[in-house]
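Have a look at the structure below before the remarks.
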Amino acid sequence: MERWWFNSMLFKKEFECRCGLNKSTESLGSIENASEGDEPDIKDRTKNIQSWGGRDDSSYSKVDHLFVVKDIRNFISDDTFLVKDSNGDNFSIYFDIENQIFEIDNNHSFRSELKNTYWNSSYLNNGSTSEDTYYNHYMYDTQYSWNNHINSCIDSYLQSQIWIETSIVSGGDNYSDSYIYSSICGESRNNSEGEVSDIQTHVKGSDFTIIESSNDLDVTQKYRHLWVQCENCYGLNYKKFLKSKMNICEQCGYHLKMNSSERIELSIDPGTWDPMDEDMASLDPIEFHSEEEPYKDRIDSYQKKTGLTEAVQTGIGQLNGIPVAVGVMDFQFMGGSMGSVVGEKITRLIEYATKELLPLIIVCASGGARMQEGSLSLMQMAKISSALYDYQSNKKLFYVSILTSPTTGGVTASFGMLGDIIIAEPNAYIAFAGKRVIEQTLNTTVPEGSQAAEYLFQKGLFDLIVPRNLLKSVLSELFKFHAFVPLNQNETEH
């Protein structure tokens with residue numbers, strides 16, 4: 001594979017890139033005039049370029065002049081970024097779009113070579129000038145020390161985080177958008193010693209392998225009582241403020257998981273929540289045999305862990321003054337699996353809403369039917385659907401289904417998709433069978449992102465994608481449109 005190596009520092013202003021090219025002097029001529037409209041032949045240049053694998057300190061000895069690349073997408077396929085954290089520790093980040101690798105390395109020789117290149121650059125020696133004011137400011141003013149040069153280039157990115165957003169060419173005309181985000185913790189990094197761990201992350205429809213020092217994971221675990229790590233961008237969110245931000249990542253806007261109590265607090269007016277059937281719990285109806293933890297013991301452990309009796313909370317409350325019947329599933333309780341108790345509680349909620357002529361909201365978050373209860377869990381699909389038929393078709397009442405991540409299995413195949421209005425959260429994972437199950441069963445590859453809310457919305461699977469901060473107002477408007485009014489307004493009219 002042909003590889004290009006760049007050491008790039010991002011400017012805050014206009015995101016210009018200052019790059020040092022690791023090249024062979026035999027394959028590359030002068031690059032003083034490299035610009036957006038005047039690009040050398042990439043294929044000829046790559047013949048003698050050093051590869052990342054099996055490198056030693058001398059592999060960086062051919063770093064050449066610093067220059068400006070204004071249109072990075074037409075210039076590189078593999079990228080190495082030189083960065084420094086808040087403690088002053090330097091390391092490089094290698095990004096290979098073709099092999100889908102994102103690697104963090106602590107080799108300090110790279111910085112030394114680039115530093116020498118900076119001071120020995122032909123631009124400085126020749127005293128030439130450029131039309132680029134930013135380039136002049138950072139490159140020609142020799143009163144700036146090397147450290148000031150680095151700090152000016154990276155600035156706020158290296159104090160707390162790195163955010164690189166660019167388009168990169170991979171060996172042809174196909175462009176691949178890459179969004180790379182990495183938190184820099186306040187702990188000092190060691191020199192690439194110790195074990196290495198692989199982490200899979202989802203980046204704009206692609207899976208990249210992040211190879212990171214195990215020390216970073218230790219730091220995350222050490223401060224997990226203070227911070228919540230985003231599962232999408234791996235950014236850290238201060239736990240104390242996360243609840244007030246509705247569990248939405250401050251860095252990338254990803255909707256993190258919420259438990260059922262938090263969702264009730266988000267949507268229902270304070271002081272109006274009246275729970276139903278709180279004491280109903282499963283008694284292991286088929287005496288499910290398990291070689292590991294018995295089913296009843298597992299139920300007990302989840303009850304202690306979550307403070308709930310089952311994987312759903314049901315009750316009556318008010319949404320902006322409008323009385324509603326609400327059921328909220330909790331994925332933290334056995335993956336939100338639907339057993340006999342979950343099905344019974346939801347059925348009773350629907351029957352109560354039918355009797356009292358209330359609008360109905362069910363928030364879905366489930367892995368599907370609970371296997372420990374066998375066919376009893378499967379029959380809940382038909383039981384709930386039957387109750388909904390009477391509610392919707394006979395009584396002509398209004399049911400809103402809200403699909404959160406993940407919503408799969410029997411819930412998707414029953415009441416999850418029976419709403420008069422079906423709303424999904426952004427980036428929600430919605431499917432009947434999971435990706436792994438499909439691939440192992442059918443021996444075929446499931447396209448990346450084909451089970452995401454945005455893709456399914458384009459296919460017409462549901463009606464709306466609504467962020468959490470707008471959900472309550474959207475629900476309120478929907479209910480008013482269907483002639484459900486707040487209690488105080490109803491009393492005034494009568």
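Glycine is no exception: its Cβ is also placed from the backbone N, Cα and C atoms.
Listed in Swiss-Prot for this protein:
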DOMAIN    226-494  domain 'CoA carboxyltransferase N-terminal'
BINDING   Cys230, Cys233, Cys249, Cys252  Zn(2+) binding site
ZN_FING   230-252  zinc finger
Find, among the binding-site residues listed as Cys230, Cys249, Cys252, the one whose Cβ has the highest number of other Cβ atoms within 10 Å in the structure shown. Cys249
Other CB atoms, at most 10 A from the CB of Cys233 (Zn(2+) binding site): 22
The zinc finger (230-252) resolves under DSSP into 7 helix, 4 strand, 12 coil
